[in-house]
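Participant: Per TrEMBL, the features are:
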- Cys66-Cys416: disulfide bond (DISULFID)
- Cys272-Cys286: disulfide bond (DISULFID)
- 1-23: signal peptide (SIGNAL)
Amino acid sequence: MAAAPRAPLPQLLLLVFAALLAAAPIRRAAGAGDFDVRRHLSTVTRYDVARGSNSVNSMPSIPDGCRVIHLNLVARHGTRAPTKKRIKELDRLAIRLEALINEAKQSLKSDSLKKIPSWIKGWESRWKGRTKGGELTSEGEEELYNLATRVKERFQDLFDDEYHPDVYSIRATQVSRASASAVAFGLGLLSGKGKLGPGNNRAFSVLSESRASDICLRFFDSCETYKAYRKRKEPDVQKQKEPILEHVTAALVNRYHLNFTTQDVSSLWFLCKQEASLLNITNQACGLFNEAEVYFLEWTDDLEGFVLKGYGESINYRMGLPLLKDVVQSMEEAIIAKKENHPDGTYEKARLRFAHAETVVPFSCLLGLFLEGSDFEKIQREEALDLPPMPPQGRNWKGSVVAPFAGNNMLVLYQCPGKTSDDSTSEGQNNSYFIQVLHNELPVSMPGCGNKDFCPFEEFKEKIVKPHLKHDYDMICKIKPPVAREEPATFGSKVSGFFTGLFSQKGYRVASAENVKTEL
């Protein structure tokens, strides 16, 4: 397994100071300038914002004669409401802001009171009083519906058969926002193909495994090794985020003369993400932060996703092996069907899955996407990776790109008659199948395939899939039993303990702290 990534060291503080001093608070509305806070909300980013202005209406450059024979989709649910836990956090924030205002009125002069944004006075959460949350919003429904219509238009030949659940398999987890996303996608995919209602809709099947046994789309729920790793690592991640939260807090206290705590700032940043993503409000909670602060707060979210769900530790993505195997198996079955000349409508053409960020992120890592430089080779050698570069440096690992709401990976299987990897012809068909990976509907290069976005299927299996197959889900997810008794300390263990203590002073220690789970 890859070792834990290195914690950020004092250079962070200098960068934060310089950035905070250089930037001005955000006061303009979204779209009024180059900076749009809605593009910097990590995994809370809306899908249409994440895609930006990129057009995917035209087909990418595919060699002549190649045709699509199968499609695998692994998608995150669409935009959702705050969860019940987060709704309670926002209710507590409202009480806290009221207390801060009252405190300020008693201790500040009128000139200082004018620095307090007017929206804070009397603020109440839009979700106040709600006892349930986490459901798919109408915006989330539209994201998946529109995604389906684009997929259907883009791969018209693939979706021209009469619907049958064995031909177009739709699967989702047993979480309402995921299954509702599957329904929204199915409505878009099959619109006009039935006789139900004015839209000529038709009924379709959505399959779900039990949450307790779904190791294909909710592998993280059943992997005891991962749950232990996460429980152990979460406090350390919080410590890695503390320097940024502390400096942003100090900046906000100085700017608005309110005695914010780091917890207040963390909740205000969460409120900013909810307002900007769900409500398109960018001039309230988001307006408290300047551009540099947004960049760094976004980085802390991306850091957490990297360490706890991404490349931070190999268990994060290797537990996704059942999903990778399922994807490959479905493509191999389609190839067999083509070789045996099975007629259309008798074999599966698309396997469409709807799950969570905790599903999409590990799957992207298994494919080797969003790595920096030679990181793919490090992953193959199971070496540790550095943390994502901090602002103002650019980075590939951004939650707003890797797993926004409705974020997705599509693996498109092509048949290219007579084509081999060296562009020569072949009388057989062993090398005539190619894979293209689309991330959020755009082709992405695969480091395991020489950074090509159109990879021979056999090479895809050999270079990208096979290295993972030396591991087994049951083996990597089963926690080893604890040692019955403690052995006397050896000289080597004492030396190791000395360095562990030394590194803990640098922020490497796994501290005991309350779990803080980011719900994606």
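Every residue, even glycine, has its Cβ placed from backbone N, Cα and C.
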Participant: For Cys272 (disulfide bond), which residues in the same chain are close in space, meaning a Cβ under 8 Å from its Cβ, but six or more apart along the sequence?
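Facilitator: In sequence order, the residues whose Cβ lies under 8 Å from that of Cys272 (disulfide bond) (at least 6 apart) are Val37, Leu41, Gln284, Ala285, Cys286, Leu288, Phe289.
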Participant: For a quick check of packing: other C-beta atoms within 10 Å of the C-beta of Cys416 (disulfide bond), how many?
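Facilitator: By my count, 19.
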Participant: Look at each of the disulfide-bonded residues, Cys66, Cys286, and point out the one with the fewest other Cβ atoms around it within 10 Å.
Facilitator: Cys66
